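Working notes, beginning with the structure itself.
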Amino acid sequence: MISFFRAFFLIIIISFLIFVGAQARTLLGNYHDDEMLIELKLESGNYGRTPYKTPPPPTSSSPTHQEIVNGRHDSVLPPPSPKTDPIIGQLTTITTTPHHDDTVAAPPVGGRHDYVASPPPPKPQDEQRQIIITSSSSTLPLQASY
């Protein structure tokens, strides 16, 4: 039984050495084949194929930094309109009704799911109240008065 394991072990070692030798030959062979391949390329030209010609680069100038950021446009775009700064301390008046504050969104139970219910009709004018929201440049939260 021990002789069987020794024979098996020797076969594995011999196979490994053959494998390493073949790899070494392949690596050395590829090195020499590259030199021969260069000689063949010089002798045979382009192997019967016509080489692919790349198209010439566009004749337009290279893009500027601004064109890279914004992208090139065939027509010149007008400059963007100036933005107005918000007025600090501006008062905004919002009119709401009390029943809108109490509404809760509930998912539909059945039937059409794409139907959105309209808000309830407003109550008479005397029950409405005004909310005034003031804002400032400070980091304090917005204040609301009823």
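Going from the start of the chain as shown, residues are counted 1 onward.
From the backbone N, Cα and C atoms, a Cβ is placed for every residue, glycine too.
Using a Cβ-Cβ cut-off under 8 Å and counting only residues 6 or more beyond its ends in the same chain, the signal peptide (1-24) has no close neighbours at all. Marked as signal peptide by Swiss-Prot: 1-24.
According to Swiss-Prot, the region 'Disordered' annotation covers 47-128.
The O-linked glycosylation site annotation in Swiss-Prot covers Pro51 (among others).
Look at Swiss-Prot and you will find Pro51 (among others) tagged as 4-hydroxyproline.
There are 5 other Cβ atoms within 10 Å of the Cβ belonging to Pro55 (O-linked glycosylation site). According to DSSP, Pro55 (O-linked glycosylation site) sits in a coil region rather than a helix or strand. Positions annotated as O-linked glycosylation site by Swiss-Prot: Pro55 (among others).
What Swiss-Prot records for Pro55 (among others) is 4-hydroxyproline.
The O-linked glycosylation site annotation in Swiss-Prot covers Pro56 (among others), and the record cites sequence analysis as its basis. Using a 10 Å Cβ-Cβ cutoff, Pro56 (O-linked glycosylation site) registers 6 neighbours.
Positions annotated as 4-hydroxyproline by Swiss-Prot, on the basis of experimental evidence: Pro56 (among others).
Residues or ranges marked as O-linked glycosylation site by Swiss-Prot: Pro57 (among others).
Sequence annotations record features per position, and here Swiss-Prot assigns 4-hydroxyproline to Pro57 (among others).
Annotated O-linked glycosylation site per Swiss-Prot: Pro58 (among others), in sequence order, evidence recorded as sequence analysis.
Annotation comment: Swiss-Prot describes Pro58 (among others) as 4-hydroxyproline.
For Pro63 (among others), the entry in Swiss-Prot reads O-linked glycosylation site.
Summarising the annotation, Swiss-Prot assigns 4-hydroxyproline to Pro63 (among others).
Under the heading O-linked glycosylation site, Swiss-Prot lists Pro79 (among others), citing sequence analysis as support. Of all Cβ atoms in the shown protein chains, 6 besides its own fall within 10 Å of the Cβ of Pro79 (O-linked glycosylation site).
Under the heading 4-hydroxyproline, Swiss-Prot lists Pro79 (among others).
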